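According to TrEMBL, the features are:
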COMPBIAS  202-213  compositional bias 'Basic and acidic residues'
DOMAIN    34-180  domain 'Phosducin'
REGION    186-213  region 'Disordered'
Amino acid sequence: MANPNVQEIIENQVLTVAKAVEDKIDEEIAALDRLDLDDIEVLRERRLQQMKKMAEKRSRWISLGHSEYTEIPSEKDFFSAVKASDRVVCHFYRDNWPCKVMDKHMGILAKQHIETRFVKINAEKSPFLAEKLKILVLPTLALIKNAKVDDYVVGFDELGGTDEFNTEDLEERLAKAQVIFFEGESSLNSSKSSAQTRRSVRQSESHDSSDSD
(Lines of atoms letter the chains of each structure in order from A and count residues from 1; the text may use other names and numbers.)
(Lines give C-alpha, C1' and ligand atoms only; values in the text may rest on other atoms or scores of the structure.)
Protein backbone atom coordinates (compact mmCIF):
# COMPACT_ATOMS: atom_id res chain seq x y z
CA MET A 1 0.00 0.00 0.00
CA ALA A 2 1.33 3.44 -0.94
CA ASN A 3 2.53 5.76 1.80
CA PRO A 4 -0.26 8.29 2.59
CA ASN A 5 2.18 11.20 2.24
CA VAL A 6 3.38 9.96 -1.17
CA GLN A 7 -0.24 9.48 -2.27
CA GLU A 8 -1.05 13.03 -1.19
CA ILE A 9 1.93 14.45 -3.07
CA ILE A 10 0.91 12.61 -6.26
CA GLU A 11 -2.66 13.83 -5.96
CA ASN A 12 -1.47 17.41 -5.45
CA GLN A 13 0.78 17.16 -8.53
CA VAL A 14 -2.11 15.87 -10.64
CA LEU A 15 -4.32 18.70 -9.41
CA THR A 16 -1.59 21.24 -10.18
CA VAL A 17 -1.21 19.98 -13.75
CA ALA A 18 -4.97 19.91 -14.25
CA LYS A 19 -5.25 23.49 -12.96
CA ALA A 20 -2.48 24.66 -15.29
CA VAL A 21 -4.23 23.07 -18.29
CA GLU A 22 -7.54 24.61 -17.23
CA ASP A 23 -5.95 28.05 -16.86
CA LYS A 24 -4.39 27.76 -20.32
CA ILE A 25 -7.73 26.88 -21.88
CA ASP A 26 -9.39 29.77 -20.02
CA GLU A 27 -6.73 32.15 -21.39
CA GLU A 28 -7.34 30.98 -24.96
CA ILE A 29 -11.11 31.32 -24.58
CA ALA A 30 -10.68 34.82 -23.13
CA ALA A 31 -8.42 35.77 -26.04
CA LEU A 32 -11.07 34.62 -28.52
CA ASP A 33 -13.75 36.54 -26.60
CA ARG A 34 -11.67 39.72 -26.90
CA LEU A 35 -11.61 39.48 -30.69
CA ASP A 36 -14.05 41.85 -32.32
CA LEU A 37 -15.40 41.59 -35.85
CA ASP A 38 -12.57 43.73 -37.23
CA ASP A 39 -9.96 41.40 -35.72
CA ILE A 40 -11.69 38.36 -37.18
CA GLU A 41 -11.83 40.02 -40.59
CA VAL A 42 -8.09 40.80 -40.41
CA LEU A 43 -7.32 37.17 -39.55
CA ARG A 44 -9.58 35.98 -42.36
CA GLU A 45 -7.93 38.30 -44.87
CA ARG A 46 -4.46 37.19 -43.74
CA ARG A 47 -5.44 33.55 -44.19
CA LEU A 48 -6.85 34.25 -47.65
CA GLN A 49 -3.60 35.96 -48.66
CA GLN A 50 -1.60 32.97 -47.41
CA MET A 51 -3.80 30.60 -49.42
CA LYS A 52 -3.44 32.80 -52.50
CA LYS A 53 0.36 32.84 -52.21
CA MET A 54 0.39 29.07 -51.77
CA ALA A 55 -1.76 28.61 -54.87
CA GLU A 56 0.59 30.87 -56.84
CA LYS A 57 3.60 28.87 -55.64
CA ARG A 58 2.00 25.59 -56.63
CA SER A 59 1.10 26.92 -60.07
CA ARG A 60 4.67 28.06 -60.59
CA TRP A 61 6.11 24.75 -59.37
CA ILE A 62 3.86 22.77 -61.72
CA SER A 63 4.82 25.03 -64.64
CA LEU A 64 8.47 24.15 -63.92
CA GLY A 65 7.77 20.42 -64.04
CA HIS A 66 7.31 19.76 -60.32
CA SER A 67 4.90 16.96 -59.27
CA GLU A 68 6.26 14.71 -62.05
CA TYR A 69 9.43 12.63 -62.20
CA THR A 70 11.02 13.44 -65.55
CA GLU A 71 14.25 12.80 -67.43
CA ILE A 72 16.65 15.59 -68.30
CA PRO A 73 17.70 14.99 -71.92
CA SER A 74 21.08 16.74 -71.85
CA GLU A 75 23.73 18.28 -69.62
CA LYS A 76 22.71 21.74 -70.82
CA ASP A 77 19.15 21.13 -69.64
CA PHE A 78 20.47 20.07 -66.23
CA PHE A 79 21.85 23.55 -65.56
CA SER A 80 18.61 25.19 -66.68
CA ALA A 81 16.57 22.94 -64.37
CA VAL A 82 18.63 23.53 -61.24
CA LYS A 83 18.61 27.29 -61.79
CA ALA A 84 14.83 27.41 -62.21
CA SER A 85 13.90 25.50 -59.01
CA ASP A 86 15.07 26.14 -55.45
CA ARG A 87 15.13 22.42 -54.60
CA VAL A 88 16.02 19.62 -57.01
CA VAL A 89 16.70 15.91 -56.50
CA CYS A 90 18.60 14.55 -59.51
CA HIS A 91 19.03 10.81 -59.99
CA PHE A 92 22.20 9.92 -61.91
CA TYR A 93 21.37 6.55 -63.40
CA ARG A 94 22.22 3.85 -65.89
CA ASP A 95 19.90 1.20 -67.28
CA ASN A 96 20.17 -1.40 -64.50
CA TRP A 97 18.04 -2.88 -61.71
CA PRO A 98 19.17 -0.70 -58.76
CA CYS A 99 18.44 2.45 -60.76
CA LYS A 100 15.00 1.13 -61.70
CA VAL A 101 14.27 0.62 -57.98
CA MET A 102 15.27 4.22 -57.29
CA ASP A 103 13.06 5.37 -60.18
CA LYS A 104 9.97 3.89 -58.52
CA HIS A 105 10.60 5.69 -55.23
CA MET A 106 11.43 8.96 -56.97
CA GLY A 107 8.18 8.77 -58.94
CA ILE A 108 6.15 8.40 -55.73
CA LEU A 109 7.93 11.25 -53.93
CA ALA A 110 7.65 13.62 -56.91
CA LYS A 111 3.86 13.51 -56.57
CA GLN A 112 3.93 13.91 -52.79
CA HIS A 113 6.45 16.76 -52.61
CA ILE A 114 5.45 19.36 -55.14
CA GLU A 115 7.87 21.84 -53.55
CA THR A 116 10.82 19.94 -55.04
CA ARG A 117 11.63 18.97 -58.60
CA PHE A 118 12.53 15.29 -59.11
CA VAL A 119 14.54 14.47 -62.23
CA LYS A 120 16.98 11.92 -63.59
CA ILE A 121 19.84 12.06 -66.05
CA ASN A 122 21.76 9.27 -67.75
CA ALA A 123 25.24 9.36 -66.20
CA GLU A 124 26.86 7.52 -69.12
CA LYS A 125 25.58 10.15 -71.55
CA SER A 126 26.64 13.01 -69.25
CA PRO A 127 30.40 12.53 -68.77
CA PHE A 128 31.10 16.19 -67.99
CA LEU A 129 28.52 16.33 -65.22
CA ALA A 130 29.46 12.92 -63.83
CA GLU A 131 33.11 13.94 -63.61
CA LYS A 132 32.38 17.43 -62.25
CA LEU A 133 30.08 16.09 -59.53
CA LYS A 134 32.29 13.03 -58.85
CA ILE A 135 29.54 10.51 -59.60
CA LEU A 136 31.25 7.13 -59.12
CA VAL A 137 28.46 4.80 -57.98
CA LEU A 138 25.02 4.40 -59.52
CA PRO A 139 22.38 5.13 -58.49
CA THR A 140 23.45 8.44 -56.93
CA LEU A 141 21.05 11.23 -55.99
CA ALA A 142 22.43 14.77 -56.12
CA LEU A 143 20.51 16.94 -53.65
CA ILE A 144 20.53 20.47 -55.00
CA LYS A 145 19.48 23.65 -53.21
CA ASN A 146 19.66 27.11 -54.74
CA ALA A 147 21.54 25.78 -57.80
CA LYS A 148 24.28 24.15 -55.70
CA VAL A 149 24.78 20.45 -54.93
CA ASP A 150 24.40 20.32 -51.16
CA ASP A 151 24.48 16.58 -50.47
CA TYR A 152 24.43 13.12 -52.07
CA VAL A 153 22.66 9.82 -51.51
CA VAL A 154 25.06 7.22 -52.91
CA GLY A 155 23.71 3.76 -53.66
CA PHE A 156 21.50 2.20 -50.97
CA ASP A 157 23.97 2.29 -48.06
CA GLU A 158 22.04 5.01 -46.19
CA LEU A 159 18.71 3.32 -46.96
CA GLY A 160 19.37 0.06 -45.18
CA GLY A 161 21.91 -1.35 -47.64
CA THR A 162 19.24 -3.18 -49.64
CA ASP A 163 16.96 -2.46 -52.57
CA GLU A 164 13.98 -3.45 -50.40
CA PHE A 165 13.97 -0.10 -48.58
CA ASN A 166 10.69 1.81 -48.16
CA THR A 167 9.84 5.05 -49.91
CA GLU A 168 9.57 6.50 -46.40
CA ASP A 169 13.26 5.71 -45.78
CA LEU A 170 14.26 7.80 -48.78
CA GLU A 171 11.76 10.52 -47.85
CA GLU A 172 13.27 10.83 -44.37
CA ARG A 173 16.79 11.03 -45.82
CA LEU A 174 15.78 13.81 -48.22
CA ALA A 175 13.94 15.67 -45.45
CA LYS A 176 17.06 15.45 -43.27
CA ALA A 177 18.95 17.22 -46.06
CA GLN A 178 16.11 19.78 -46.20
CA VAL A 179 15.61 19.28 -49.91
CA ILE A 180 11.98 18.29 -49.20
CA PHE A 181 9.63 19.18 -46.37
CA PHE A 182 7.06 17.09 -44.55
CA GLU A 183 4.32 19.58 -43.76
CA GLY A 184 3.00 23.11 -44.12
CA GLU A 185 3.01 24.82 -47.49
CA SER A 186 5.33 22.30 -49.04
CA SER A 187 3.43 19.03 -49.10
CA LEU A 188 0.63 18.67 -51.61
CA ASN A 189 -0.74 15.24 -50.80
CA SER A 190 0.78 14.32 -47.42
CA SER A 191 -2.35 12.88 -45.80
CA LYS A 192 -3.65 11.31 -49.00
CA SER A 193 -0.36 9.58 -49.73
CA SER A 194 0.73 8.40 -46.27
CA ALA A 195 -0.05 4.77 -47.01
CA GLN A 196 1.61 4.96 -50.42
CA THR A 197 4.72 6.45 -48.82
CA ARG A 198 5.29 3.27 -46.85
CA ARG A 199 4.98 0.97 -49.82
CA SER A 200 8.05 -1.20 -50.37
CA VAL A 201 9.48 -1.68 -53.79
CA ARG A 202 10.42 -5.34 -53.65
CA GLN A 203 12.94 -6.91 -55.97
CA SER A 204 11.70 -9.72 -58.17
CA GLU A 205 15.09 -11.42 -58.25
CA SER A 206 18.46 -11.13 -56.57
CA HIS A 207 20.60 -8.19 -57.67
CA ASP A 208 23.37 -6.05 -56.23
CA SER A 209 22.22 -2.94 -54.36
CA SER A 210 24.58 -0.62 -56.23
CA ASP A 211 26.69 -0.64 -59.36
CA SER A 212 30.06 0.95 -60.00
CA ASP A 213 30.14 3.29 -62.95
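Backbone N, Cα and C atoms are what each Cβ position is placed from, and that goes for glycine too.
For the domain 'Phosducin' (34-180), the model's pLDDT averages out at 94. Residue counts for the domain 'Phosducin' (34-180) by DSSP state, with H, G and I taken as helix and E and B as strand, are 76 helix, 32 strand, 39 coil.
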